[in-house]
Amino acid sequence: MEKKKKKPNQPTKSKPDPDPDIWAFVIGRGTKSAFLCISLFAVVVRLAVAIHPYSGAATPPKFGDYEAQRHWMEITINLPVKEWYRNSSTNDLTYWGLDYPPLTAYQSYLHGLLLKFFDPVSVSLFTSRGYESYIGKLLMRWTVLSSDLLIFFPAVLYFVTAYYSKKQIGEKSSMAWHIAIILLNPCLILIDHGHFQYNSISLGLTIAAVAAIFSDRDLFGSVLFSLALNHKQMSSYYAPAFFGYLLGKCLRRRNPVFEISKLGLVVLGTFAIVWSPYIYSADASLEVLSRLAPFERGIYEDYVANFWCTTSVLMKWKRLFTTQSLKLLSLAATISTFLPSTIQLILLPTKQSFLYGLLNCSFSFYLFSFQVHEKSILLPLLPASLLAVEEPFIFRWLVYYALLSMFPLLRRDDLVLPYIALYGLFVLLYYAPGRRMDKRETNFLGSTLQSLLLASSLILHIIYMTVTPPEKYPFLFEAIIMLFCFSQFVLISVYSNSKQWALSKHIQVDIEKKSL
């Protein structure tokens, strides 16, 4: 029989098109173009949040974090560098004395120069306390935004470039989504551009350090992380992970002692440069160090979703133990919980393990270290955002409860409206078409559990906003929120630690030796 010829104009049958991948479309225009577009939107979001109130607005006598940052500019502009951390008649350390490392003081000095040029009254010694003029607030907000643009944004570009450099073309379609998720992290925006802080500097330096290490530029990464440590001492949450990973790499090279010595000299050299105004005497160095460890405040303040504060409902730690005993307990608990992750990194220093190690070690510090604040949840959130493509479910889970844990703080700052807006924006970004769905988000058990937890979170939000607590227990709702969030953080930490150790079963150490 004669075969039927296909007519030339007859359309061929094709498979239905998959769901549109807007992220692949965006990244298809080029990495830099995609980054620029997302960055512009991220800047607009930051500006929108910045028009709202901030910590301590019009609440004398000490106001809040906004006044602390402004006061540091006042001190650094008007006093010699050797007196910045010294209590005196011109620098009353009980009124927002500097309590961060020298790099924060230098940053305050540079920002103070800007304020002094445009609005000298805002940083005049003594008379500027509580200063809240329109131009002063505008300049202060711009210092935060400029810190983002100069440090955090370039660091994110550096990271995604390094992270996706060796990935297949198909895997790079998630790059634009990854950029958006990091730059539009609602917790960071609300704290820095709403509440008012400069976390983007230390976090940006940390991201850049991770990117440098992903690019096999370990010495440069060590310099960057040392700078992060010298900006905020809370960056030490990541120190065990950096130590374990870099040590593991050095031990697998031909001359381990030489490699370790190089890293040590780079770290010591960076610290020496930053601390140069204070290392001329032991007393001067101790003056700074004593400000970085405020043990007199107790093991916790306010209501933070960590172990000590949560268990204090049943166990009154501050009454039963001295500060010295609590310091030792806290140290032992923190070390014992981050040690397994650090050991795994020494045994198997892979880049994937390194990201999990950053998350696990930072959680150990958040949950068990001395004097943790609500805002410290930003530290585990950073590595979770870097892992967002591999662990989207865990990242979303952590963001939801990090937001809830900070809600009492943000409500006090009158930031409920931007809180709701950024919460909604995060949900829209997370579920944007084209993103690979996690299996735990689609199965019945996972989706049911998510729904129950989200419903509980929503109920807690509503109760906290509308119901007056009993007079006998004025902080009842804060305690419930704290307990709920703590339980979720523990579950995430347990999962992340188990996931890091599970990597050892699938990756051969010999293969890693060859790649190094």
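Just so you know, glycine gets a Cβ as well, placed from its N, Cα and C.
Any TrEMBL annotation is an automated prediction that lacks curation.
Here's what TrEMBL has on this protein:
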TRANSMEM  139-163  transmembrane segment
TRANSMEM  175-191  transmembrane segment
TRANSMEM  198-215  transmembrane segment
TRANSMEM  263-280  transmembrane segment
TRANSMEM  329-348  transmembrane segment
TRANSMEM  354-372  transmembrane segment
TRANSMEM  416-432  transmembrane segment
TRANSMEM  444-467  transmembrane segment
TRANSMEM  473-495  transmembrane segment
For this session: Six or more residues out from either end of the transmembrane segment (416-432), which same-chain residues have a Cβ under 8 Å from its Cβ atoms?
Result: 22-23, 45, 48-49, 52, 177, 180-181, 184, 186, 189-190, 194, 392, 396, 399, 403, 407, 410, 465
Problem set entry | Long-range environment of the transmembrane segment (354-372) - Cβ separation under 8 angstroms, sequence gap at least 6 | 210, 213, 234, 236-241, 244-245, 294-295, 297-301, 304, 306-309, 326-327, 330-331, 333-334, 337-338, 341-342, 344-345, 379-380, 382-384, 386-387, 390, 486, 489-490, 492-493, 496-497, 499-500, 503
Problem set entry | Highest-contact recorded stretch vs the transmembrane segment (175-191), from 139-163, 263-280, 444-467, 473-495, CB pairs under 8 Å | 139-163
Seminar exercise, completed: If one takes Cβ-Cβ under 8 Å and requires six or more residues beyond its ends, the residues near the transmembrane segment (473-495) are 303-307, 309-310, 313, 360, 363-364, 366-367, 377, 380, 394, 397-398, 401-402, 404-405, 407-408, 453, 456-457, 460, 463-464, 467
Exercise. Which residues, given as numbers and ranges, are at least 6 beyond the ends of the transmembrane segment (139-163) yet have a Cβ under 8 Å from it?
Worked result: 31-32, 35, 39, 42-43, 46-47, 50, 66, 69-70, 107, 111, 114-115, 118-119, 122, 175, 178-179, 182-183, 192-193, 196-198, 200-201, 203-205, 207-208, 210-212, 214-215, 386
